[in-house]
Amino acid sequence: MIRYLDEERMFLISTDNMAYVIKIEDSKLTNIYFGEKLVFDFDYIPEIKKNIFINWSWNYELSDRSENNYANTAFKVLYHDGVRDCELLYKNYEIFDNKLKIELFDEFYGMKIFLFYEVFEHDNIIKKYYEVNNISDQKINIEILKNSLYIPILEGNFNYLKGMWGHETNIVHEKINQGIKSIGSRTGNTGHLFNPYFSIDDGADEDNGNVWFGLLGWSGNWSIDVHKQDYEYINISAGYNEWDFNYILLPNESIKSPELIFGFTNEGFGESSRILHSFIRKHILRKIDRKILYNSWEATGFDVNESNQMKLAELASKIGIELFVVDDGWFGKRNDDKAGLGDWYINKEKFSRGLFPLIKKVKELGMDFGIWVEPEMVNPDSQLYRNHPDWILGYESRKKTEIRNQLVLNIIKKEVKDYIIDFMTDLLSNNDISFIKWDFNRPILESGFMNKINSKSIWIDYVESFYYILDILKRRFPYVIFESCAGGGGRIDIEILKYADQVWTSDNTNPYDRLIIQKGFSYAYPSNIMMAWVTDWAGKETYPLKYRFHSAMLGSLGIGSNLNNYSEEELNIFSNLIKDYKDIRNIVYEGDLYRVNMTDYKNLEIFEYLKENKEEGVAFIFQNPTEFDIFNVYKIKLKGLNESYVYEIENKLYSGKSLMKFGFYMQFDSDIDYLNMKKNNYMSKIIRFKLKKNI
Ligand code: GLA
């Protein structure tokens, strides 16, 4: 709900459990509350007793660079006469249902800002962003463009996702110290090093305590800064990374900040994740029919051809695969990563009859067909590059650095956009393709410039061009499912999820490493978009097949193993595990996720998925090697159940209360040879539980 309290000059934005309050104080907008919903309106009205030693401002709703504002700057401009001081004064507001628009105006310089808020009452989420309008006849130089938040605590922890290629989305819990801590990306994409997720807590754990959390939507350079100073509340700025940022707003132009979604819970990290998951599922993602895919990349690499793909397709269909995907190597002179990127015609040496016979076969086998592309890139050894050396991003006076032997196309240019849209349109209209894996395998290092007046805007224009291309393709081919990939998990954020239905989580498909990566991922994003494959990454023998499956079943399952290397008997195990997954996948896709940390058993990782009506769930239990691996019976407690329901687990009945308070005994399956068990044995088990009716 959104209300304006006239007398108090306050905007009260509230959800079922949270409130966010903005006040007009001397024509400046200040944030006076963000947290648990209180009882009365007057609960939010601060009794302001300013410390007499403090003469600075801190909690501006948009932390602009006004001279007395000591909080980290979220909005900064350079006016044509050299003035940098902002005087953004409140003008008026409009409320339409669950939306609020507030107008701020720097009258002298003709700059108008509209702050937009949208409240999702039962989802406990608020979305905000703003638009800067130049209504003067001079240019306005925008130097910082971010959103601000204030967390009403003096001490706390900053929780974020860090990583690198092959090791994305590791959760970090860090005490907030004095000063500014910044995470972000400068590589032109969302990036591997950090993900635009944050949460702040004042001593929460998985199930209890206050957590303020949010996600930023931008698939280019972004940063999230956390600022702490004595006496003041924790300040957050989240938006475009100010590194190499400068946006010149000409008269009558406008620019939008990235969107920030945020929320609060007093039920710990677990609940904060469930709130984000459910919001993303309900309000960002399209409803699609998710398929279990087979991708031949780890089996055949670049060496794809009609016959080896047909053979894999046959095996894939036998084990129950629903979508067969050909990865890199099907086009141009693409025999390795040194050549061919950019030449999007079918390689006739590998597919002499085109893709039709393979697609026909895949369809006959009852599967859909999907394909890999990397449209924004080019190998210098390609026809495209030879024809258009001027289509590359970079500076004319500087050498262009190749990474993975490739350069980045300047998709801001109209002809480059058209080239990509045209070849994708041909590919998708001439072939029965229902899935695209869209890759981006190198960072943008030499950004170059579009024109000399506004060279730094390239970082924004690139990403906007990328969204534009995807938008056109999505409209033309609404039935095609898109997966966002950037050398693994380098392009995962809530803005790309408006275009892509799912993401490639990481190139690292080691099932144990994946538990760490996927656990971090689950702080921010739901499991239905988290692609996870069973592969032979660490060799067939290192991890039991069941463990590899269970790790991948925590998300949207895919298979990447070389099926040619498995016996009939082993392929039967694949089939059975895929059947198991089909039985439970709706709970994994749509259910509430509980990360069950058992303090007594540090070697166990447990992920529980529970249907919204709490009538059915599934728990994945992993035992990872530690020094003491001699135990194989554990007492496991579940979470989130209905206390008075009776649940059945392996033919035994329990009340929800007893499962949550006391737990149940669980033993890993006896197909593991405990006597000869080596330290490196990785065990796992799926436990299903269901409401028992009519007892
Ligand atoms: C990237 C992707 C992989 C694969 C290769 C193909 O690394 O993340 O999954 O598609 O490119 O070159």
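Just so you know, glycine gets a Cβ as well, placed from its N, Cα and C.
No curator has checked TrEMBL annotations; they are predicted automatically.
Sequence annotations record features per position, and here TrEMBL assigns domain 'Glycosyl hydrolase family 36 N-terminal' to 29-249. In the predicted model, the domain 'Glycosyl hydrolase family 36 N-terminal' (29-249) shows an average pLDDT of 95.
Taken from TrEMBL, the feature substrate binding site covers Trp165, Asp327, Asp328, Arg404, Lys437, Trp438, Asp439, Phe440, Asn441, Cys485, Asp507. In the three-state DSSP scheme, Lys437 (substrate binding site) falls into the strand class. Residue environment of Lys437 (substrate binding site) contains 25 other Cβ atoms, counted within 10 Å of its Cβ in all protein chains.
According to TrEMBL, the feature active site, nucleophile maps to Asp439. For Asp439 (substrate binding site), other Cβ atoms within 10 Å of its Cβ number 23.
What TrEMBL lists as active site, proton donor is Asp507. Sequence-distant contacts of Asp507 (substrate binding site), defined as residues of its own chain at least six apart whose C-beta falls under 8 angstroms from its C-beta, comprise Trp165, Gly166, Gly487, Gly488.
Per TrEMBL, the feature domain 'Glycosyl hydrolase family 36 C-terminal' maps to 608-688.
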### Message
Please identify, from the binding-site residues Trp165, Asp328, Asn441, the residue with the sparsest Cβ neighbourhood, meaning fewest other Cβ atoms within 10 angstroms.
### Response
Trp165
### Summary
If we take the residues Trp165, Asp327, Asp328, Arg404, Lys437, Trp438, Asp439, Phe440, Asn441, Cys485, Asp507 that the record assigns to substrate, their largest CA-CA distance in Å comes out at 19
